[in-house]
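Some notes on the structure that comes next.
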Amino acid sequence: MSVQIFHDHPADRIPVKRRFGRLALYAALGLWAFVCLMPIFWTLTTAFKTAPDVMKGHILPWIDFKPNWLGWRSLGLSPDTIAEPSSVRGEFLKRFSNSAVIAVTASLLAVGLGGTAAYGLSRFDYKFGFMKNDDISFFFLSQLILPPVVLALPFLVLYKSMALLDTRFGLILLYTLSVLPIVVWIMKDQFAAIPSELEEAALVDGLSIWGAFLTIILPLSLPGMVSAFIISLVLTWNEYFFAALLTSTHANTLPVMVASQTGSQGISWWSMAALSFAAILPLLLVGILLERFIIKGMAAGAVK
Amino acid sequence: MSKLHIVATQVDSARRLRLGYGLNAAASLLLLGTIAAQYLPLGLTNWRPTLYAYVLWAIALCASQVIVRGEQGKRVLFVLPAALFVASLALFPLVFGLTIAFSDWNLANPDGRQFNGLANIKQMFGDTYFWRSMGNMGWYVLAILAEYIVAFGLALMLNAEIRGRKFFRVAFLLPLMLSPVAVSWMIGKSMLENRFGPVARLLRSLGVDNPTFFGDPAIAKLTIMLMDAWTYIPFMMIMLLAGLQAIPKDLNEAADVDGARGVRRFFEITFPIMARVSITAILIRVIFKLKLADIIITVTGGGPGGATDSVTSFIYREYRDRSNVGYGTMLAMFYLVVIVIGMTGLIKFTNRWKGADA
C-alpha cells in the first residue's frame with residue numbers, strides 16, 4: 001500500500017503569483033543547492049588537482065586547471081595503476097568490503113528482527129509480564145535515546161572478554177541494535193496502513209499466521225522494508241564512533257580509514273580528496289537513485 | 001482484543017508440554033554449566049563458549065514458546081527474537097556498565113577492576129572539562145532552533161510551485177547521505193583550511209584578515225554547529241515537507257477565499273497545523289544531536305581548550321588517552337540520566353502543548 005507523500009501533479013501546486021517573488025524563490029533555491037553541492041564538487045575536483053592547483057585555489061576543471069590522476073594514482077585507482085598491484089588499494093578495498101558487509105548484514109538483520117516485531121505489535125495483543133503492547137513498543141523505541149557512548153565502554157570490556165573486538169560480527173551486532181528502533185518505527189507505520197482483513201481472508205483459506213505474513217503481508221510491505229533497509233544502510237555505512245573504539249586492524253570500516261588519514265599531517269589533498277570521494281560515492285548514488293524510498297521512510301511517523 | 005482474530009484449535013497434550021519445558025530446562029542447564037566451566041581451570045581463554053551457550057538458550061526459548069503455547073506461541077515468535085536481542089545487547093551491558101562505573105579500571109593495568117565507591121562521582125564534579133562539554137551540549141542543542149527555521153524555509157520552498165523540484169529535492173537531501181567523517185575532511189579540513197581553502201580565500205577577498213575557523217573558542221563552536229547543521233538540516237526538512245504536503249488542499253482554498261495571504265496565512269494557518277510535525281521533527285533531531293561526536297573527534301579533537309567538546313567526544317578521548325574505563329563509564333551513565341530526565345520532561349511538556357493545541 002504505497003501512500004503518496006509528495007504530490008507532483010500540477011493541480012497540487014500552490015501558485016506563486018508575483019514575478020519578483022518567483023525570482024527570489026529561485027535565487028534562494030539555487031543558493032541552497034550551491035551550499036549542498038559545493039563541498040561534493042570541491043572534493044571531486046580536488047581529487048584531480050596537483051600541488052600548484054591547490055595552492056593557487058583553482059576551482060573549475062579544464063578552465064582553471066588541467067585534471068590530473070595524481071590523487072587516484074596514490075590510491076592505486078587511476079587508469080594506469082589499476083592493473084598493477086598496490087598496497088594502498090588493497091587496504092582501501094579491504095575497508096570498503098568491511099563497510100559493505102557490515103552495513104548490509106546489520107541492515108538486513110535489523111529489517112528482519114524489527115519488521116517481524118513491528119508486525120506482531122500491529123496485529124496481536126501481547127502480555128510479557130507487566131508489559132503490554134504499548135510498553136513493548138516503548139521498550140524498542142526508547143533505545144533511540146540511548147547515546148552510543150553509554151554502551152561503548154561496557155561493550156569494549158564485554159567484547160574483549162568474548163574475543164569479539166576487531167571482528168565484523170561484533171560490529172554487526174551493535175549496528176543492528178542501533179538501527180533497530182528506527183526500523184520498528186518505520187515498519188509499524190507501514191503495517192498499520194495494511195488492512196488486517198487481507199490476512200483474515202488468507203487464514204480462512206487455511207494459511208498459518210506466519211504463512212499469511214510471508215506470502216501476503218511481506219510483498220505488500222516491501223516498499224516500506226526497502227525504505228527501512230536503505231535508511232539503516234546509510235546510518236551503518238557512515239557510523240564511526242563504535243568502529244573507531246572497537247576495531248583496530250581487521251574489521252576497520254571505511255570511515256575509520258578516512259579519519260586515520262585525516263589525522264596525519266602532510267598527507268596530500270589530492271589523495272585525501274580521492275579517498276573521501278570514493279568513500280561517499282556509494283551513498284551519493286543511493287541518494288540520487290533511491291531518493292523516494294529514503295524520503296518515504298523518513299516521512300513515516302511525521303504525518304499521522 | 002487483537003486486531004487480527006484467529007480461531008484455532010489448541011491441542012494441549014502432555015507430551016508437548018513435557019517437550020517444551022524439557023527443552024528449556026536443558027538449554028538453561030547447558031548455559032549455567034558453561035558459565036560454571038569458565039571458572040574451572042579448563043584452559044578456556046575467553047567467554048566465547050558462554051556466548052554460544054546463550055545463543056542456543058535463546059533459540060530454545062523461542063522454540064519452546066511454539067511447542068508449549070501453540071498458536072499463541074507463534075504470535076509471540078514475531079516479537080520475542082527482537083525483544084531478546086535488545087534485552088541482551090542493551091539492557092545487559094547497561095547493568096554491567098553500572099558495575100564498571102563504580103570502579104577504577106584501567107584496561108592496560110594487569111590488576112584489573114578495583115571497586116572505588118563514589119570516587120568517580122567525586123572526580124566528575126571536579127572535572128571542569130567535563131562540565132564544559134555538558135555546557136557545549138546545551139549550545140549545540142539550542143542550535144537546533146536555527147536549523148529548524150532554515151529547514152522550514154527549505155520545506156516551504158520545495159512545496160511551492162517550482163520547476164526542477166526533483167533536482168532540488170535530491171540536491172538538498174545529499175548532505176544527509178555523507179559520512180560525517182568524510183564531511184570532516186571535505187569541509188572542516190580542506191574547504192575551511194586557513195591558507196588554501198576556498199572559504200578562507202573568499203573571506204580574504206572580502207577583506208577579512210587571516211580568517212581562522214578553529215582558533216577562537218566561540219568561532220570554533222559555531223563552525224562545528226554549522227557543519228553539523230549542514231549534514232542534518234535535510235532530515236528536518238523532509239519531515240516538515242511531508243507535513244506540509246499532508247495539509248488538505250481545501251484548507252488552502254478556504255484561506256484563499258478568506259483572503260489570508262503571505263505572512264499572515266503562514267502564521268495563522270500553516271504554522272499551527274505544522275506544530276505537531278514540528279515537535280516530532282525537533283524531538284528526533286534533539287536525540288540525534290545528543291549523539292554528536294564524529295565531526296568533533298576528527299576535526300578539532302575537542303579544542304581549543306575543550307570549547308568544541310561534546311560529551312561523547314570527551315568520553316572518547318578520556319578512554320583513548322587514559323584508557324580509564326571506570327571513570328568514562330561513570331560520565332556516560334551520568335549523561336544518560338541527564339538525557340532521560342531531560343527528554344522525559346521535554347516530551348511531557350510538548351505533549352501538554354500539543355494537547356492544548358488540538
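The count begins at 1 with the first shown residue.
For all residues, glycine too, the Cβ spot is worked out from N, Cα and C.
Note on the transmembrane segment (B:21-39): residues 47, 49-50, 52-54, 56-57, 59-61, 63-64, 67-68 of its chain, located 6 or more positions outside it, place their CB under 8 angstroms from a CB of the stretch. What TrEMBL records for B:21-39 (among others) is transmembrane segment.
Sequence-distant contacts of the transmembrane segment (B:51-69), counting only residues of its own chain at least 6 positions beyond either end whose CB sits under 8 Å from a CB of the stretch, comprise 16-17, 19-21, 23-24, 26-28, 30-31, 33-35, 76-77, 80-81, 84, 88. Residues annotated as transmembrane segment in TrEMBL: B:51-69 (among others).
The transmembrane segment feature in TrEMBL is assigned to B:76-102 (among others). Within its own chain, the transmembrane segment (B:76-102) is flanked in space by residues 54, 58, 61-62, 65-66, 69, 113, 115-118, 120, 325-326, 329-330, 332-333, which lie at least six positions past its ends and keep a Cβ under 8 Å from the stretch.
Positions annotated as domain 'ABC transmembrane type-1' by TrEMBL: B:133-348.
With a threshold of 8 Å between CB atoms, the same-chain residues lying at least 6 positions outside the transmembrane segment (B:137-158) that come near it are 165, 168-169, 172, 221, 224-225, 228-229, 232-238, 240-241, 243-244, 266, 274, 278, 281-282, 285-286, 289-290, 292, 310-311. What TrEMBL lists as transmembrane segment is B:137-158 (among others).
Residues or ranges marked as transmembrane segment in TrEMBL: B:170-188 (among others). If you look at the transmembrane segment (B:170-188), the same-chain residues 6 or more away from its ends with a CB under 8 A from one of its CBs are 154, 158, 214, 223, 227-228, 230-235, 237-238, 294-295, 298-300.
Feature annotation from TrEMBL assigns transmembrane segment to B:229-248 (among others).
Sequence-remote contacts of a segment are chain residues at least 6 beyond its ends whose Cβ falls under 8 Å from one of its Cβ atoms, and for the transmembrane segment (B:325-347) they are 97-98, 100-107, 113, 116, 120-121, 123-124, 130, 134, 283, 286-287, 290, 311, 314-315, 318-319. The transmembrane segment annotation in TrEMBL covers B:325-347 (among others).
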